[in-house]
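**Student:** Please find one structure pasted underneath; my questions will follow.
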Amino acid sequence: MQVDLLSSAQSAHALHLFHQHSPLVHCMTNDVVQTFTANTLLALGASPAMVIETEEASQFAAIASALLINVGTLTQPRAQAMRAAVEQAKSSQTRWTLDPVAVGALDYRRHFCHELLSFKPAAIRGNASEIMALAGIANGGRGVDTTDAAANAIPAAQTLARETGAIVVVTGEVDYVTDGHRIIGIHGGDPLMTKVVGTGCALSAVVAACCALPGDTLENVASACHWMKQAGERAVARSEGPGSFVPHFLDALWQLTQEVQA
């Protein structure tokens with residue numbers, strides 16, 4: 001199994017495209033992470049929108065550049081709105097991304113996520129346990145936390161990618177991004193990133209935005225992982241713990257965009 005690396009030039013090119021196109025991202029995400037997700041997208045140059053009412057969600061999915069479905073705080077009314085948005089996204093050819101939070105631990109969201117797979121997401125982003133559960137290989141995880149190493153989920157990610165046509169991202173100490181054939185590994189980041197709620201969910205929003213960019217979607221999505229890890233490393237070097245990490249992280253994302261424009 002060959003795992004390729006992403007070059008700095010590829011990452012910089014994707015970030016230039018990101019800033020140039022400034023995707024409008026319809027984020028149907030969980031209640032815990034909305035502000036952090038919106039600020040992450042803004043720092044990178046995208047435009048976030050959090051539209052959740054069923055009728056509006058369907059309407060907005062038709063005009064957005066990309067759609068994110070994150071099931072972290074799933075309810076039946078929210079599932080109805082998400083389903084309507086995904087149906088409209090498919091009809092309007094709006095590329096959408098699934099973040100199957102805790103899908104291995106809870107039946108309702110697992111069935112819902114499996115239902116959504118028939119609408120062909122452009123990307124799926126989860127930790128190892130979530131990706132393995134979604135692929136039907138295991139029902140693991142401890143709530144939103146993984147109990148598996150990212151590398152162990154690569155075969156499941158490849159299978160899921162081939163079955164759905166999605167780019168699948170497995171996040172961990174090393175992030176792995178695959179289209180079912182090629183695999184890109186992204187090293188970096190810092191363990192402190194796991195002590196801040198929302199870094200993974202925010203990454204899913206950036207992944208969704210990258211799916212709207214022209215060019216190689218696999219490389220664009222892998223670049224999203226690279227930017228987040230880069231920013232995490234820079235933020236950790238300047239912070240004293242989780243509380244001071246967040247503002248430094250947002251600053252680091254902003255600085256990355258300034259560097260590619262210089």
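Cβ coordinates come from backbone N, Cα and C, glycine included.
Annotations per Swiss-Prot:
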- Met50, Gly198: substrate binding site (BINDING)
- Arg125, Thr171: ATP binding site (BINDING)
**Student:** Compile a sequence-ordered list of residues in the same chain as Arg125 (ATP binding site), six or more apart from it, whose Cβ lies below 8 A from its Cβ; state 'none' when nothing qualifies.
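**Tutor:** Within the chain, Arg125 (ATP binding site) has Cβ neighbours under 8 Å at Thr97, Leu98, Asp99, Val168, Val169, Thr171, Gly200, Leu203, Ser204, Val207.
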**Student:** Taking the Cβ of Thr171 (ATP binding site) as the centre, count every other Cβ atom within 10 Å, in any protein chain shown.
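**Tutor:** Other Cβ atoms found within 10 Å: 29.
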**Student:** Measuring CB to CB from Met50 (substrate binding site), give everything in the same chain under 8 Å that is also at least six residues away in sequence.
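**Tutor:** Listed in sequence order, they are Cys27, Met28, Thr29, Gln34, Ala38.
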**Student:** Show which residues of the chain containing Gly198 (substrate binding site), separated from it by at least 6 in sequence, have their CB under 8 Å from its CB.
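**Tutor:** Counting only residues 6 or more apart in sequence, the Cβ neighbours of Gly198 (substrate binding site) under 8 Å are Val32, Val33, Phe36, Thr37.
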**Student:** Look up Arg125 (ATP binding site) in the DSSP assignment and reduce it to helix, strand or coil.
**Tutor:** strand
